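The [4Fe-4S] cluster 1 binding site annotation in TrEMBL covers CYS28, CYS64, CYS98. Sequence annotations record features per position, and here TrEMBL assigns [4Fe-4S] cluster 2 binding site to CYS172, CYS176, CYS179. Per TrEMBL, domain 'MTTase N-terminal' is recorded for 19-135. According to TrEMBL, the domain 'Radical SAM core' annotation covers 158-402. According to TrEMBL, the feature domain 'TRAM' maps to 405-474. Feature annotation from TrEMBL assigns region 'Disordered' to 480-505.
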Amino acid sequence: MGDRFAVGESPAETASAARTYEVRTLGCLMNAHDSERMAGLLEGAGYVKAAPGAPADLVVFNTCAVRENADNKLYGSLGHLAPIKASHPGMQIAVGGCLAQKDRHTVLEHAPWVDVVFGTHNIGSLPILLERARHNQQAQVEIHDSLQTFPSALPASRDSAYAAWVSISVGCNNTCTFCIVPSLRGKEVDRRPGDILAEVQALVEQGVLDVTLLGQNVNSYGVNFADPGSLASSDPTPPRDRGAFAELLRACGRIEGLERVRFTSPHPAEFTDDVIAAMAETPTVCPHLHMPLQSGSDRILKAMRRSYRRDRYLGIIDKVRCAMPHAAITTDIIVGFPGETEDDFMQTLDVVERARFTSAFTFQYSPRPGTPAAEMTDQIPKSVVQDRFNRLVVLQDRISLENNQSLVGGQVELLVAAGDGRKNAATARMSGRARDGRLVHFRPEQPGSVRPGDVVVVEITNAAPHYLIADGPMLQHRRTRAGDASERGQTPKTRGIGLGVPLVGKPQPPLIASAQCNDHATC
Ligand code: SF4
């Protein structure tokens, strides 16, 4: 490595001012939440977030191995940064996340100007690896094959004043043949309910109104509770608590001040009636179920190693609609999996027609190196995949529009969002999410009177496949603590909340909020 790409400067050269950082996230919600942890760790180590557009002293890439061409995109971005680093003394670059876990030393072979490579199991090592790279003037690569610290035991600097993600588990025990996640994130490890509830409580105390419980497979929660000593050598036959996820939803519902609880993603094979009952009976749990279908053909589900079949999937939807007639049901669908025939695809269209999803994330299958499906010989030509994809999108858009049109004239409560509407500046509208997750663009009475994080009630006046419009007067406006925090530019910070507390414990006191703030998973 030449001087041009010297790895960092001595601490003395950079000690005069706080170093600035930027985290660039590629990939799913899980990665976005890991990025909040990285930000919290870096701020704990004295870094400050770089102003938007300003060059940062540290750029961290939190990478994804699930998306197509993820490696090309990463190495393209790293190539773009090389001359910037050469002209920015002391700048460091770190690469973490799933692609770093998968490619390990390859990252440095492609981009020797990178200072630190770390994996999905050791996010907590980032500050020390950066310091070591700077001190030793040498790139540091540290990848572990099993989880070192549960990510939620690390501090986090949150992006939003009003909505937050809370991890309930990491890893996955399934083996879907198209998915690289199990080999990169490892077996499922579940966080203790007391720790989860303490983190939710800490967020609510800082104004958060909407919490999304996150896991690769949330309704297998309870399969393997983590203990402080069990991360390195987990019990091979852990006791299973099958009612744990439903209980967790109900316990979240008892947290005063929390208005909305969501979760993503459940796996249809593990979906149990007690979760539907907990959703229906807990007023703060939102009437929204995102449940990946992937294919409507039993033959393809088998080839995907998805252990449910179309009848079971449709049966769950029937039960959810019976318990919550107005629930929004959304899904993920992969088109063109190896071996998919026209008949298989027609079965997917048939399930879509019957399920009447509110919306669907639709994906064209493409092989991911390292997955069993990538080795299958009957890959589908791109033109066929594209044609099926287009037909699926036309069908789903029609259904989404019909569903949304049925809401015109009704009233909805919105949690006002920051952004979420590309044309809002031109149309003088703001955007918010209804309790069922639908995106609604509305017109505030006076500019500035409504803040992100406030709650409004509006009447729907128009519908499109992917959003609703409410152009009439606002029917209610409630100013909230989340709105106050947004107005001040403050977002929550959570300390790491440790493992092994089996009861609903007294939450740790929250840190004072600072003055600053799918792609979709494939489960
Ligand atoms: S798609 Fe989801 S459930 Fe299947 S292996 Fe991947 S992470 Fe696990």
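Please read every residue number as a count from 1 along the shown chain.
The backbone N, Cα and C atoms fix where each Cβ goes, and this holds for glycine too.
All TrEMBL annotations are machine predictions without curation.
Rounded to the nearest whole angstrom, the C-alpha distance between CYS64 ([4Fe-4S] cluster 1 binding site) and CYS176 ([4Fe-4S] cluster 2 binding site) is 17. DSSP classifies CYS64 ([4Fe-4S] cluster 1 binding site) as coil under the three-state reduction. Counting in whole angstrom, CYS98 ([4Fe-4S] cluster 1 binding site) lies 17 from CYS176 ([4Fe-4S] cluster 2 binding site) by their C-alpha atoms. DSSP assignment over the domain 'TRAM' (405-474) gives 5 helix, 26 strand, 39 coil. Rounded to the nearest whole angstrom, the C-alpha distance between CYS179 ([4Fe-4S] cluster 2 binding site) and CYS28 ([4Fe-4S] cluster 1 binding site) is 13. Highlighted here would be the binding-site residues (CYS28, CYS64, CYS98) whose C-beta falls below 6 Å from ligand 1, but none qualifies. Using a 10 Å radius centred on the Cβ of CYS64 ([4Fe-4S] cluster 1 binding site) and all shown protein chains, the other Cβ atoms total 21. Cα to Cα, CYS176 ([4Fe-4S] cluster 2 binding site) and CYS28 ([4Fe-4S] cluster 1 binding site) are separated by 17 Å.
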